[in-house]
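Listed in TrEMBL:
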type	residues	note
TRANSMEM	A:6-27	transmembrane segment
TRANSMEM	A:62-81	transmembrane segment
TRANSMEM	A:88-107	transmembrane segment
TRANSMEM	A:132-154	transmembrane segment
TRANSMEM	A:175-197	transmembrane segment
TRANSMEM	A:209-230	transmembrane segment
TRANSMEM	A:235-257	transmembrane segment
TRANSMEM	A:269-286	transmembrane segment
Amino acid sequence: MSWYALWGALEIGLIYGLVALGVLISFRILRFPDLTVDGSFPLGAAVAATLIVSGWEPFSATLAATLAGALAGAVTGWLNVRLKIMDLLASILMMIALYSINLRIMGRPNVPLITEPTVFTLFMNESVPDHILRPLLILVVVAAVKFALDWYLGTQAGLALRATGSNPRMARAQGVATGAMVLAGLALSNALCALGGALFAQSQGVSDISMGIGTIVIGLAAVIVGESLFSSRRLVIMTAAAILGAVLYRVFVALALNADFIGLQAQDLNLITAVLVTIFLVVPLLRQRLRGRRRN
Amino acid sequence: MKWTLPAKKALNALDAGWAHTAAFARGVLAPALGAAALCLAATAAAHAQSVAVTSIVEHPALDAIKDGVKDALAEAGYTEEKGLEWQFQTAQGNTAIATQIARKFVGDKPDVIVGIATPSAQAVVAATKTIPVVYSAVTDPVAAQLVPSLEASGTNVTGVSDQLELARQVELIKRLVPDARKVGMVYNPGEANSASVVEALRQLLPTMGMSLVEASAPRTVDVGAAARSLVGKVDVIYTNTDNNVVSAYESLAKVGNDAKIPLVASDTASVARGAVAALGLDYYEMGRQTGRMVIRILKGEKPGDIPSETSDKLALHLNAAAARKQGVTLTSELRQSAAQVIE
């Protein structure tokens, strides 16, 4: 595997790290099975790409995309809290609605950004090659988001959000407006996913309607890979683990792309990725067992 | 025994890779890094002429392009036996994987990268400004920002577009079903190629006394249902080279046969799968055309000096069995102009 491919995996992994943080908030902290992600990730891409093409400055376009994601998350929360639609179904409804909404926003299925200015082109210079600069810039963004999130979840409001997830009745008894907390949590979660989508479109040079498919699966996989690496209940570690899990997942895909020398073919890619992740998850268990036997 | 030397070197390299890993092997990271070391060792081979091909998804038309490229290269003497490094990867329909494949290819530094279908071509073009890129099966390369125009681009990109002249498609529909007034179309609204065809047909059909009835199939499994929604509303169903429709053409054929609605396709491969007719590109031929472009670049031409091409080799394929089931009579005049008739 070349360094170039590895930097690429790091870049895409870090972007999906934002999705993983979003999924961590909804699935783990709020315990809300939120599939809106499959729609909010391309929503971020669609809003950012459309605004950039129409002449917006890339940073404001990215910010607008993030806010659009927050709105989408809030609508899912509203469907669940106010209209009493079951959480999973509410998020599915929002996800499928967003497919059409994204098509409407873009006006066509594919908006290229190859020749447009992006948040990355503004930093480009001669001394650092693009393929290293982009992951470094994204690392700064992801790290900033991570620390901001760590801080927020330690504040009064953040603690109320966590209480809503772990024990809603208790939280209500303590005077927490759990409904508002669900709305806020989902808005935050989907804002991060949309930010990821906006950055992905700009790093990849295109916003395509199909790019949301399977986002939630990758986000969940990242969170779980991260958790199996560092099983901790400390928030600072949980958020770091989710980001690391997303990067590792992309490294596995990059590795699987290099597996052709052992006779595997293009169509085996997803299988190899799955096998690599499985091995990765099982090895600590095997080592534990081996150690246990030796002691006996 | 000269051969032992490189073999030994390779083994040493492998050993070094493993020794390097051993230092990190204490954590759970061992398997991942071990595999990385293996892969690094495996790609360290000598650099001959190399072509890397990627497509967004595997289906008959896109696979035919890949095969066409490979065969054209083989005929010109570029075979893997003679030292050509050939790589093929599909993104399994996933744009994030398409990006990673593009990055991998750019890292491998092949002599030419071939990107089949819009998303894969865009991912490759976004990833490199220096390595020659040949796109294929992109309906509108200018709208996709692959090239500024169909003229020689002056950049590292050229390729073959699969744009069809729609007036000739409508003409074929009229020849098959002379009294057709309403033309149905099943397509994926999320596919750039299809969206541009639908837009053009919306303008074109009314000028010829017909109208378009659309049915959208955002996923492959929706194709059958979308086709059924057209039953009773249309006289004929036309499809472009929509990836979802081509992937699930059989489910469309079933509806056409059951409801006696003639099906007109745009790629000749779909005729064998149940369409009455297609005046289309032979995607295998398009692959060969793409392959010839790759060869020109391998021989030293600059991609920026080669204008983008379209395919003018349209072939009419007919399916007599499907025509009977879908209630169409194939006139002898039609049969005579066909390149192939399946009985």
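Along the chain as shown, the residues are counted starting at 1.
Including glycine, each Cβ sits where the backbone N, Cα and C put it.
Automatic prediction, not curation, is the source of TrEMBL annotations.
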Same-chain residues near the transmembrane segment (A:235-257), Cβ under 8 Å, at least 6 residues beyond its ends
1, 5-6, 8-10, 12-14, 16-17, 19-21, 23-24, 28, 142, 146, 149-150, 153-154, 218-219, 221-227, 229, 269, 272-273, 276-277, 280
Other same-chain positions with a Cβ less than 8 Å from the transmembrane segment (A:132-154) and lying at least 6 residues past its termini are 7, 10-11, 14-15, 17-18, 21, 25, 29, 119-120, 123-125, 161-162, 192, 195, 199, 203, 235-236, 239-240, 243
Listed stretch, out of A:6-27, A:88-107, A:175-197, A:209-230, A:269-286, that has the most CB pairs under 8 angstroms to the transmembrane segment (A:62-81)
A:175-197
Quick one: do the transmembrane segment (A:6-27) and the transmembrane segment (A:269-286) have at least 3 Cβ pairs under 8 Å, skipping pairs fewer than 6 apart in sequence?
no
